[in-house]
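Worksheet for the structure shown next.
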């Protein structure tokens, strides 16, 4: 890999600022998570979010240190040289990806009613992928040269295998979550819009991660004479952490939407109006029929008027009058106003 300033550090000028920008987005997401009500989360989930934020900040510091060494302190340094902080950032990104994959796998385990055979393959591939990333980071520290790293066919295979495994894991997580959500949608009565939002969010986040990883793989295989693949790696590491925290934050919005949907439907369902059609409950047509029946009723207005009269003898102002009288009249108007 014949390295020069344009092909190596030029990509870093674009990749590092974009990665730092996503770190700022993650900080905002974490603040929103900690300030929002979390009725179903335990302290463990808060600790996981905190660990992701700490790892992301450490990753950003490693990127800043690499940029400082490349552009400030050692500008005459060979651009082919790999700073130790770059290798550390690659290892930290692998740890963050493993944590994110573990959280998604745990949610699949819960949503699938504890089906181990769905989760174990995903976790096995995620662990193998982290092992490959650790090997890459180790060779970066050992060789300290992008050219030497690219000349070794074994390292090229390991790097490509790690990205392929990342695509497979992301695809499996996205596909499994979508299947589970679609099945729960069939069993749902009034949460179709909420589940549709979850399906769309799962598809979007999964596709973003897969497309970015495929782009990094193509850059590594076809453009090995530059560091575009490494710049994409910096950004992908931020996408993983942002996706999981954003997923945790969107639950509150979906809860409010579900509550609004239930309150709008009255919170109760008239069982006499539910019709069984093709072995499925047709709830929405019955709800419309119920509203039509209710709208045909004529409202009744009741007016209540209460009048009190008291007669007091003027000569007995200092004592209560035994001749005081009080009467009440109730007028009911049912003229259909």
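Cβ coordinates come from backbone N, Cα and C, glycine included.
Caution: TrEMBL annotation is automatic and unverified by curators.
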Name the residue range among 12-34, 265-287 that TrEMBL annotates as transmembrane segment.
12-34
Is it the case that the transmembrane segment (46-65) and the transmembrane segment (227-248) have 3 or more CB pairs under 8 Å, with pairs at least 6 apart in sequence?
yes
Which one, 12-34, 116-141, 198-221, has the most C-beta pairs under 8 Å toward the transmembrane segment (153-177)?
198-221
Quick test of the contact rule: Cβ under 8 Å, at least six residues beyond the ends. What residues does that give for the transmembrane segment (116-141)?
82, 84, 86-88, 90-91, 93-95, 97-98, 101-102, 104-106, 108-109, 149, 152, 155, 158-159, 161-162, 165-166, 168-169, 172-173, 176
